[in-house]
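As recorded in Swiss-Prot:
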- Cys11, Cys27, Cys30: Zn(2+) binding site (BINDING)
Amino acid sequence: MVMAVYRCAKCGKEVELDLENTREVRCPYCGSKILYKPRPRVARRVKAI
């Protein structure tokens, strides 16, 4: 069982989906097909040249 957390583009709610058993990826709240993988809240520091 692979559970993944996504954020809906239309309503903005976080959705947890089982990708192995689900054929169609949709938001269960609004029915939107556009889901984004949320980025981690860790700030990255890049060394300037």
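Backbone N, Cα and C define each Cβ position, glycine as well.
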Position of peak Cβ density within 10 Å, selected from the binding-site residues Cys11, Cys27: Cys27
Other same-chain residues whose Cβ falls within 8 Å of the Cβ centroid of Cys11, Cys27, Cys30, the recorded Zn(2+) site, in sequence order: Cys8, Lys10, Gly12, Lys13, Val15, Pro28, Tyr29, Gly31, Ser32
Chain-internal residues near Cys30 (Zn(2+) binding site), provided their CB is under 8 angstroms and they sit 6+ positions away: Cys8, Lys10, Cys11, Lys13
